[in-house]
């Protein structure tokens with residue numbers, strides 16, 4: 001029975017789509033027949049290419065299936081591309097407060113387009129963009145202005161939901177839009193709880209990954225604590241600058257770590273003031289800490305990152321303001337509240353500015369106390385005095401008042417000037433024996449006098465003649481007050497004289513300044529002088545102008561901006577490579593000079609150190625050993641009875657006030 005279902009009207013059997021066809025094969029050639037090489041070309045009329053032309057009538061319904069197939073293939077390709085992109089994209093960082101990380105929110109193209117910084121207003125086309133749940137766009141305006149934290153979190157949540165919709169499978173048929181809307185609606189209802197739990201992670205990741213994350217942290221600090229972070233700190237530009245006191249604010253900390261931090265930080269610190277507040281990012285920890293050893297910013301950041309498991313870029317680290325009364329009052333008042341954990345002794349800079357007793361102790365600056373400090377520490381250089389006295393501000397009230405004054409440069413200059421006057425007056429009232437004893441008492445430790453004698457013997461210098469010349473030299477006997485050390489280079493002449501000059505506190509004059517009228521001015525303030533490396537021109541100058549100075553008689557010295565000074569020239573040491581006794585030009589200097597020759601090269605050890613050590617301790621031992629031989633004043637009576645003179649004091653006495 002024929003099956004005519006699905007056909008219209010009567011048709012033959014061959015025209016039916018479901019009928020059977022009879023196919024017969026016609027064999028023109030058999031196996032083994034010879035075939036010409038060009039037979040196919042001659043018989044080919046091109047009729048076999050007719051089947052490649054599609055001459056079907058338009059609208060027969062097959063293009064719908066092809067379009068559907070293309071759409072399905074395109075959808076599958078897009079899903080594969082997104083899968084590859086997600087596979088090779090770096091995993092984002094999640095704050096410890098994030099319970100359920102949302103990968104869809106992090107990898108969503110819409111969330112990635114959100115930036116806190118100002119972007120260009122030019123619209124850009126994104127590659128591989130999938131149409132979302134009925135709101136897909138091919139143009140995305142990347143301009144974003146300043147936004148609040150709450151707006152960014154909301155946008156991140158919405159985009160996370162849309163990203164989740166994009167990751168699901170889609171139907172591209174006629175009902176595709178309805179299925180997408182239904183799938184998107186189901187996703188929102190099912191992910192409402194997870195989006196709410198991920199609000200903290202969205203806020204931290206959206207804000208702390210911004211280009212200007214420090215400004216964001218500063219704004220969040222002011223929102224939480226009610227004041228600016230810069231009002232409590234002073235800025236260190238270098239991360240290598242060390243300080244013992246630091247203010248550290250850490251954002252996004254686990255609640256359990258924030259509580260345990262109060263105990264973990266104690267072994268490292270002498271004082272710690274800890275405040276813990278909660279916010280939508282997690283726990284915020286504000287700490288004022290004084291470490292047992294001074295640390296730089298990098299060391300502090302690494303330590304806090306280890307204790308709190310938070311990246312270093314989630315921290316604000318600066319030293320506190322030490323001379324700000326409002327800042328000190330803030331730390332003092334918050335330490336009394338129940339929101340702070342405090343242990344250790346309160347820093348002195350807080351006590352000084354908050355406790356009434358310490359505030360009353362602040363006094364005006366006294367120049368005499370600064371002069372006394374410079375005199376006691378033998379400081380006559382202005383820069384050294386300013387630095388050393390400023391370091392005493394933490395323990396000395398007068399030094400603190402000095403730092404608070406507006407005339408520091410004037411005070412330093414006046415203090416150094418007065419200290420030099422006192423030192424010069426003290427030196428002028430001493431003879432050479434008292435001066436040597438005074439210089440020796442300042443040197444700590446005992447040395448050995450033998451290296452000095454051994455070095456003189458190494459240079460073939462007779463010790464007894466040298467001792468006699470040194471005795472006359474120290475006593476200032478006329479025509480015996482100048483000792484010359486002559487010899488070739490590298491024999492230790494300058495080393496020997498410089499070590500003796502340092503012990504006696506002498507001065508050095510240089511012939512290079514001889515064109516000035518004031519080049520001899522240092523001799524007016526010293527007990528001994530040194531002219532190093534005298535040349536032939538220098539000897540001619542001495543022979544012409546300084547004969548009476550070598551005699552040890554009274555000379556007149558010109559001083560800058562002062563009147564001429566008449567004084568007895570102090571004993572003078574001279575080193576030279578020219579023998580002044582062998583030249584007839586300087587025959588009048590022969591009776592005024594005591595010459596010792598150093599012919600041997602100065603010996604050194606294998607490490608490059610001097611074989612003979614000539615230091616202050618050895619010279620102290622040398623003078624103590626040969627005190628009587630040098631005919632110096634015998635200090636035995638003073639040692640037995642003690643020093644009757646009182647130490648110099650330029651600070652007026654104070655009466656003790658009873659309470």
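Here the Cβ of each residue, glycine as well, is placed from N, Cα and C on the backbone.
Annotation comment: Swiss-Prot describes 30-57 (among others) as region 'Disordered'.
What Swiss-Prot lists as phosphoserine is 91 (among others), and the listing cites sequence analysis.
The annotation phosphoserine is assigned in Swiss-Prot to 95 (among others) on the grounds of sequence analysis.
The annotation phosphoserine is assigned in Swiss-Prot to 108 (among others).
Here Swiss-Prot flags 121 (among others) as phosphoserine, drawing on sequence analysis.
The feature region 'Disordered' is assigned by Swiss-Prot to 134-195 (among others).
What Swiss-Prot records for 196-362 is region 'DNA-binding region', and it gives sequence analysis as the kind of evidence.
According to Swiss-Prot, the ATP binding site annotation covers 487, 488, 489, 490, 491, 492, 493, 494. The Cβ neighbour count for residue 488 (ATP binding site), using a 10 Å radius over every protein chain in view, is 12.
Positions annotated as region 'Disordered' by Swiss-Prot: 634-659 (among others).
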For the region 'DNA-binding region' (196-362), provide the mean pLDDT of the predicted model.
85
How many other Cβ atoms sit within 10 Å of the Cβ of residue 489 (ATP binding site)?
10
What other residues of this chain sit with their CB within 8 A of the center of the CB atoms of 487, 488, 489, 490, 491, 492, 493, 494, the recorded ATP site?
575, 577, 598, 601, 602
Residue 491 (ATP binding site) has how many other Cβ neighbours within 10 Å of its own Cβ?
20
Should residue 489 (ATP binding site) be counted as helix, strand, or coil on the basis of DSSP?
coil
Could you list the residues of the same chain, at least six apart in sequence, whose Cβ is under 8 A from the Cβ of residue 492 (ATP binding site)?
455, 459, 598, 602
Taking the Cβ of residue 487 (ATP binding site) as the reference point, list residues of the same chain whose Cβ is under 8 angstroms away and which are at least six residues distant in sequence.
459, 493, 577, 597, 598, 599
